[in-house]
Amino acid sequence: MQEIFLCSISNVRSGDCKEDCAYCTQSSHHQGAIKRYKFKDEKVVLQEARALRELGALGFCLVTSGRELDDEKCEYIAKLAKAINQEELGLHLIACCGRADLEQLEFLRDAGIHSYNHNLETSQNFFPKICSTHTWEERFITCENALRAGLGLCSGGIFGLNESWEDRIEMLRALASLSPHTTPINFFIKNPVLPIDAETLSADEALECVLLAKEFLPNARLMVAGGREVVFKDNDKKEAKLFEYGINAVVLGDYLTTKGKAPKKDIEKLLSYGLTMATSCH
C-alpha cells in the first residue's frame, strides 16, 4: 500500500503584507476579507500542534506574512519551535517566513526548525506578471540559503495563474536544480479581491501538472496543497489518481486564509483510496 505524509499549517502571523503578490489575499494591496493579527499566542499554536499530531500530521509549518524575516520574527519562531519540541510530539517543524539570509536561517536551525519553505511560485519569466515588489531571484537565493544553512528545503509553486506550459516547465527545471526535499503543488482558485482573472484548472489539467512535476522531481516529496478541495471536488476517482501520478504528501486541514477539507473526513477519504498514513518522517 502506498504511504503518504500528512503536513499541517499554522498561520502564526496573518495579513497586512506590503508585497503585491497577485495570488495572495494577505497582501494589503488587495484588501481581502481575512483575519489579521500580528503574532498568534503560543498556547494556541501548541494546541494546534497537539491536535494535528493526534490526527496523524508529521509536518507542522509555522507561517508568517510579510516580505522577509526580521529579528522579531526570528525570535518568535525560535520560541515557538523550542516550545513545540519540548512537547516531544515527533513533529517535523517547518518555517515559512519569506526572504531570509544565511545567518537568520542558521539561527532558526539552532532553535529547532528542521526545514524552510520558500516557494518559487512560477517561472522566472512569468514572475514579474504576478509580483512587482520583489524578484524571483530573491526567492531563489533564499532557497539556496536554506540549503547552505543545513535545513531541509520545501519549495514549489502555483499552477493556474495564466502561465504557459513552458513557464511550468521552467519553474520545475529551476526547482530540480535546488533538489528540494518537498515540493508543494498548489492550484490557484479565483478570488474576486485578487487581480488574477484565471479559471480554475480542470482536474485533468491539474493531474497533467502533477505528472510533469514527477518527471522533473522524481525524488522529491510531492505535496498537494491549496486548491485540491476545489479542483477535485466530488471527483474521488480523479483525486485518487493524484497518488497514482506521484503525490505522496498532503496538507491536512486549513491553509493560510482559506478552508481546507475537514481533517477527519479527509483522512477517511484518503484511506478509502487504499493509502496508508506515514507514522514517521524518514
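We number each residue from 1, going along the chain as drawn.
From the backbone N, Cα and C atoms, a Cβ is placed for every residue, glycine too.
On the 0 to 100 pLDDT scale, the model's mean across the domain 'Radical SAM core' (1-228) is 92. For 1-228, the entry in Swiss-Prot reads domain 'Radical SAM core'.
DSSP assigns C24 ([4Fe-4S] cluster binding site) to coil, not to a helix or a strand. When other Cβ atoms within 10 Å of the Cβ of C24 ([4Fe-4S] cluster binding site) are tallied across all protein chains shown, the result is 22. Residues or ranges marked as [4Fe-4S] cluster binding site in Swiss-Prot (evidence: sequence analysis): C17, C21, C24.
Residues within less than 8 Å, Cβ to Cβ, of C154 ([2Fe-2S] cluster binding site) and separated from it by at least 6 positions along the same chain comprise C61, I94, C96, S115, Y116, N117, H118, P180, H181, T182, T183, P184. Annotation comment: Swiss-Prot describes C61, C96, C154, R221 as [2Fe-2S] cluster binding site, evidence class sequence analysis.
Note on C21 ([4Fe-4S] cluster binding site): other Cβ atoms within 10 Å of its Cβ, all shown chains, come to 22. DSSP assigns C154 ([2Fe-2S] cluster binding site) to a strand segment in the three-state reduction. Listed in sequence order, the residues C7, G59, I94, S115, Y116, N117, T182, P184, M223 complete the 8 Å Cβ shell around the [2Fe-2S] cluster site centroid, once C61, C96, C154, R221 themselves are left out.
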